[in-house]
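Worksheet: the structure to be examined is printed underneath.
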Amino acid sequence: MASMWAPEHSAEAHSNLSSTTDDCGSVSVAFPITMMVTGFVGNALAMLLVSRSYRRRESKRKKSFLLCIGWLALTDLVGQLLTSPVVILVYLSQRRWEQLDPSGRLCTFFGLTMTVFGLSSLLVASAMAVERALAIRAPHWYASHMKTRATPVLLGVWLSVLAFALLPVLGVGRYSVQWPGTWCFISTGPAGNETDPAREPGSVAFASAFACLGLLALVVTFACNLATIKALVSRCRAKAAVSQSSAQWGRITTETAIQLMGIMCVLSVCWSPLLIMMLKMIFNQMSVEQCKTQMGKEKECNSFLIAVRLASLNQILDPWVYLLLRKILLRKFCQIRDHTNYASSSTSLPCPGSSALMWSDQLER
């Protein structure tokens with residue numbers, strides 16, 4: 001998703017901009033710039049760490065997991081680079097979108113890009129959660145049956161989402177300029193006199209499909225992560241009863257459970273408001289486009305804008321919850337442990353070269 005930190009007073013909402021509004025607009029442009037730079041740095045760091053770890057790994061399963069994380073970071077990074085500059089350009093121009101894009105092709109490209117990179121990120125995260133749950137809950141079945149390489153699966157997900165996002169180009173669904181006029185996305189309903197009644201059923205179906213697919217991906221991710229946490233706790237208790245390294249297993253389980261809960265919190269906070277609000281607007285036969293022509297829609301329009309802002313944060317937070325924070329916190333923990341000599345070498349958690357895959361080495365035993 002793009003960095004949609006739009007100002008509350010846009011050129012489209014107010015055609016007669018005063019100097020004060022211009023000043024506000026120039027200040028507001030700092031938001032999308034900050035979002036783009038922050039997302040670029042985080043995802044670039046994640047890709048660098050994944051690349052270094054990938055070259056050191058010999059296990060195909062671990063390489064597949066690293067490839068999924070790298071693909072997710074690349075997806076978020078490319079999505080930002082394709083959309084954020086357009087938003088910044090609209091901010092700085094202080095002109096209506098229709099003046100910058102009279103043909104509507106840029107709007108279609110923008111909406112398609114947001115759909116592809118937003119939905120593909122959700123589906124890739126869901127696929128990673130499924131693989132993680134199978135590897136932990138049924139390791140022997142997973143090792144003997146899961147022979148598919150990660151690359152074809154990731155390409156299949158991306159191409160499927162691309163085919164879905166191209167439906168509005170074929171006449172099923174519609175991408176339109178969204179309030180306050182600085183971005184384009186899926187139309188959820190009628191837009192006053194501008195809407196073609198013949199295309200409205202297709203728009204509703206397409207928007208509903210996007211929201212339902214996104215919510216389904218969230219549900220699958222939540223269910224698989226909870227199943228993984230439950231399996232980790234059960235295995236930790238079993239290991240503690242027969243092994244002397246119960247402290248090590250406790251640390252591994254706690255750290256992994258915290259990371260998985262962090263992933264669930266980030267996904268729910270970032271995506272649930274937008275997807276649920278889209279379904280609500282479809283049910284109420286409302287579209288954000290109506291904010292340009294109808295009074296009394298300020299509350300709904302502001303709520304939808306906040307929901308899109310939250311969704312845009314997912315691109316920035318993804319590399320941190322999946323990789324960067326785990327590596328940083330683990331190193332900090334090891335530094336504290338080494339400083340206090342808390343654990344002996346026989347039960348200490350391995351620190352050199354630790355990464356998001358550290359726990360998988362232990363769980364295979």
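Each residue, glycine too, has its Cβ placed from N, Cα and C.
Swiss-Prot has this to say about the protein:
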- 1-30: topological domain 'Extracellular' (TOPO_DOM)
- 1-22: region 'Disordered' (REGION)
- 13-22: compositional bias 'Polar residues' (COMPBIAS)
- 31-55: transmembrane segment (TRANSMEM)
- 56-68: topological domain 'Cytoplasmic' (TOPO_DOM)
- 69-89: transmembrane segment (TRANSMEM)
- 90-108: topological domain 'Extracellular' (TOPO_DOM)
- 109-130: transmembrane segment (TRANSMEM)
- 131-151: topological domain 'Cytoplasmic' (TOPO_DOM)
- 152-173: transmembrane segment (TRANSMEM)
- 174-203: topological domain 'Extracellular' (TOPO_DOM)
- 204-229: transmembrane segment (TRANSMEM)
- 230-259: topological domain 'Cytoplasmic' (TOPO_DOM)
- 260-283: transmembrane segment (TRANSMEM)
- 284-303: topological domain 'Extracellular' (TOPO_DOM)
- 304-325: transmembrane segment (TRANSMEM)
- 326-365: topological domain 'Cytoplasmic' (TOPO_DOM)
- Within the topological domain 'Extracellular' (90-108), residues counted as helix, strand or coil by DSSP: 12 helix, 0 strand, 7 coil
- Positions whose Cβ lies under 8 angstroms from the transmembrane segment (260-283), at least six residues beyond its ends: 122, 125, 129, 186, 188-189, 204, 207-208, 210-212, 214-215, 218, 221-222, 225, 228-229, 300, 303-304, 306-308, 310-311, 313-314, 317-318, 321-322, 325
- Have the transmembrane segment (204-229) and the transmembrane segment (152-173) got at least three CB pairs under 8 Å, pairs 6 or more apart in sequence? yes
- In the topological domain 'Cytoplasmic' (131-151), how many residues does DSSP call helix, how many strand, and how many coil? 16 helix, 0 strand, 5 coil
- Item | Stretch-averaged pLDDT - the topological domain 'Extracellular' (284-303) | 73
